[in-house]
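Enquirer: Structure provided below as structure tokens; questions to follow.
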């Protein structure tokens with residue numbers, strides 16, 4: 001047995017002994033029904049709009065008999081937006097008053113919502129109940145706590161080990177963090193998903209992820225709101241092109257993803273050519289006006305496309321380079337601008353055999369005569385500076401979409417971001433999406449292939465730091 005294993009076992013035994021000394025009586029006076037209701041009403045807005053990890057909160061409440069499993073399932077499946085889910089949960093808890101208040105405090109604490117715990121019961125964080133919960137549910141974060149050590153000779157080694165706890169915790173954290181790199185993303189997140197936030201618990205466990213302490217220079221991503229996101233979703237108002245079934249699923253999940261990442265999301269649906277041009281230009285002007293308070297901009301377009309073009313619903317094409325990307329040259333200088341384009345870039349199909357099924361839908365259109373090109377411009381900084389452009393497929397190839405599930409690229413992107421944005425930078429998440437899509441298509445011999453294309457013009461790593469905001 002290694003020295004590290006011996007240390008971990010010694011710590012576990014020590015904590016077990018300490019638990020025997022902790023009084024298990026409830027040392028917190030539970031308020032009456034009126035007081036509970038009053039506190040929940042006073043803090044209703046913050047509970048609805050800032051509570052994260054709602055599924056974990058409900059799991060704890062269910063395990064304590066506060067909320068039936070049927071209610072949990074209904075809330076998870078009927079409400080897609082996190083705020084709506086939080087609102088439904090609070091409405092149910094109002095009917096339980098005192099019986100639900102104490103378990104709710106404990107659930108909020110365990111799920112990383114300590115700011116809400118402080119609002120509802122400021123004494124909880126100093127109570128023995130919190131210590132019991134730490135010991136039972138949060139051993140990894142309890143490793144670094146300062147505890148009084150036994151004085152027996154038998155525990156002399158443990159006293160010496162305690163001097164190395166901080167360094168051991170760092171080693172364990174790094175080991176666990178590396179494990180995440182082999183995460184599989186086969187099971188896509190469903191409607192109503194929650195982004196894993198970079199909570200205080202995680203920062204304590206993985207201090208190297210602290211945005212203020214990163215050793216390498218990165219883009220600043222700490223403002224509230226983080227930035228602006230434009231989402232254009234062209235679905236079913238085309239003249240002759242097919243309806244893009246499944247695109248509304250993509251748009252709904254993307255809106256939820258970037259709102260949870262801290263962005264203000266503007267959604268526009270079924271735009272004609274003139275409207276798309278104006279909306280894109282106005283959005284570029286907006287982020288330039290807000291450049292002092294905007295850390296990042298995201299531009300997402302879901303539509304039919306061709307070689308270097310994306311179509312409006314009146315089937316006039318916008319030139320991707322001149323009428324979309326170049327519009328943002330000299331805008332938000334020095335800050336990252338991410339483009340996500342879900343559209344075909346040609347009509348070629350990457351089938352693996354002649355017998356491949358064609359039950360998939362594409363975002364391709366063969367007729368590319370209606371192209372309205374832009375003009376040349378002079379810029380203050382090199383073109384494409386601080387930009388990342390993410391195409392759903394390679395040049396000249398189609399992009400696949402499932403009518404009942406959405407596009408393979410967008411669903412893979414959302415799943416990877418929701419689960420790993422708390423510790424991965426953009427480039428690493430791009431690699432995860434590439435690997436995920438390759439595995440998805442390789443799993444079934446009858447399906448075609450699709451390879452995303454990523455253009456990287458950023459000067460520094462881009463971390464989204466979900467849940468972390470500059471208090472100033």
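Quick reminder: no glycine exception, Cβ is built from N, Cα and C everywhere.
Keep in mind that TrEMBL annotations are predicted by a computer and have not been checked by a curator.
Owing to the predicted nature of the structure, the values given are computational and were not obtained by experimental measurement.
Annotations per TrEMBL:
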type     : residues : note
ACT_SITE : 304      : active site
ACT_SITE : 344      : active site
DOMAIN   : 32-123   : domain 'CARD'
DOMAIN   : 225-348  : domain 'Caspase family p20'
DOMAIN   : 377-466  : domain 'Caspase family p10'
Enquirer: Starting from the Cβ of residue 304 (active site), draw a 10 Å sphere and report how many other Cβ atoms land inside it.
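Expert: I get 23 for this one.
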Enquirer: Using DSSP, how many residues in the domain 'CARD' (32-123) fall into helix, strand and coil?
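Expert: In the domain 'CARD' (32-123), the DSSP-based counts are 70 helix, 0 strand, 22 coil.
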Enquirer: Counting by DSSP secondary structure, give me helix, strand and coil numbers for the domain 'Caspase family p20' (225-348).
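Expert: Residue counts for the domain 'Caspase family p20' (225-348) by secondary structure: 40 helix, 36 strand, 48 coil.
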